[in-house]
Amino acid sequence: MTTDSAQKIEINLINALEDRGLRKTSARAAVTQRIEAAGDAFTAEQLCRELPEVGRATVYRTIRHLVDAGALCKLPILDGAPMYSVARVEHHHHTICSRCGAVGEFRHSTVERVMRSLEKEIDGDIVGHRMEIFITCNQCLADNAKGDSHA
Ligand SMILES: [Zn+2]
Ligand SMILES: [Zn+2]
Ligand SMILES: [Zn+2]
């Protein structure tokens, strides 16, 4: 797949919270550090389990603030709780493995052109769009092939 060379943005999650007027507390720092260290998409429940010392309400509230700040993407999942992933490029779309939940980011100029051309056909002003493509990732395909050969 050819993708645009999207501009990478350095995300500092705790700064994103402070920009929203939230004090840096040890609980919030624990949440943001955990998210930054994971590097993978996660559900709020997973984060709560990994951070038993942080209250559930704090975990959920911190996630919501980070989503509002644009630092986290909230990803709908076909069946199950939404997942969250760190937004590493400014405008992007997602691939989500429907088996293992692995999340990828992509940008494609053709997609953006199609979206712009839709503007003429849609009543009103488009103020944004989102797109998630559900896939079976290569890892899951490989695991599946392995499973088949043993069957
Ligand atoms: Zn994203
Ligand atoms: Zn997968
Ligand atoms: Zn787009």
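Cβ from N, Cα, C; glycine included.
All TrEMBL annotations are machine predictions without curation.
Residues within less than 8 Å, Cβ to Cβ, of Glu112 (Fe cation binding site) and separated from it by at least 6 positions along the same chain comprise His91. Per TrEMBL, Fe cation binding site is recorded for His91, Glu112, His129.
Mapped onto three states, the DSSP output places Cys100 (Zn(2+) binding site) in coil. Per TrEMBL, the feature Zn(2+) binding site maps to Cys97, Cys100, Cys137, Cys140.
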CA pair His129 (Fe cation binding site) / Cys97 (Zn(2+) binding site), Å rounded to integer, equals 21
Entries of His91, Cys97, His129, Cys140 (binding-site residues) sitting next to ligand 2, with Cβ under 6 Å as the cut-off: Cys97, Cys140
